[in-house]
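Beneath this line is the structure, given in structure tokens, with notes to follow.
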Amino acid sequence: MLTVSLLVCAMMALTQADHDGVLKGTATEAGEVSPVFRSRRALVCPAGWTLHGQRCFYSEATAMTWDLAEANCVNKGGHLASIHSLEEQLYIKDIVAGIVWIGGSACKVAGAWSWTDGTPVDYRTWCPTKPNDILSDCCMQMTAAVDKCWDDLPCPASHASICAKAAI
């Protein structure tokens, strides 16, 4: 009797899960159903982008101003990269060469840094004596230094850039 009760409960749970869209069944030739959990699908990035965590990154080698670099990233469906941890900093450091624009800006109010993607500035790795908070130096770059620390520069300078967007 206990076995029958357990089987009925299991069948009801699976039926409800399938009804709620949690399971996607694939029938085999023997008529068995092999459940595939949708929440377990792999995250992917478009061609040319690399996956790290839940975000995709695109290294743009063409040198351009900070404003054009941001517009280029937006055109690709993202923004200049925001960096939220040492792990992300190290990942980006490994996929870029030289100086690159990243998504930080303080052009509206000197010293009030924000990311172009709207996420909070919750991690910082400024170079020593930076930022200098001069309003003309209001765009953020990752330097070519070994540690790839951040520096504030005038936005009209031309550099490569790194874009980021959510993986799908």
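Just so you know, glycine gets a Cβ as well, placed from its N, Cα and C.
Listed in Swiss-Prot:
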- 1-17: signal peptide (SIGNAL)
- Cys45-Cys56: disulfide bond (DISULFID)
- 52-164: domain 'C-type lectin' (DOMAIN)
- Cys73-Cys163: disulfide bond (DISULFID)
- Cys107-Cys138: disulfide bond (DISULFID)
- Cys127-Cys149: disulfide bond (DISULFID)
- Cys139-Cys155: disulfide bond (DISULFID)
> Quick one: DSSP breakdown of the domain 'C-type lectin' (52-164) into helix, strand and coil?
Replying inline: 20 helix, 36 strand, 57 coil
> Among the disulfide-bonded residues Cys127, Cys163, whose Cβ has the fewest other Cβ atoms within 10 Å?
Replying inline: Cys127
>> Can you work out the mean pLDDT of the predicted model over the domain 'C-type lectin' (52-164)?
In response: 96
> Based on Cα coordinates, which of the following disulfide-bonded residues are within 10 Å of Cys155 (disulfide bond): Cys45, Cys56, Cys107, Cys127, Cys138, Cys149?
Replying inline: Cys107, Cys138
> Of the disulfide-bonded residues Cys56, Cys107, Cys139, Cys149, which one sits closest to Cys163 (disulfide bond) when you measure Cα to Cα?
Replying inline: Cys56
> Going along the chain, which residues six or more apart from Cys149 (disulfide bond) have their CB under 8 A from its CB?
Replying inline: Thr125, Trp126, Cys127, Pro128, Lys130, Met142, Thr143
>> Cβ atoms within 10 Å, counted per site: which of Cys56, Cys139 has the most, among these disulfide-bonded residues?
In response: Cys139
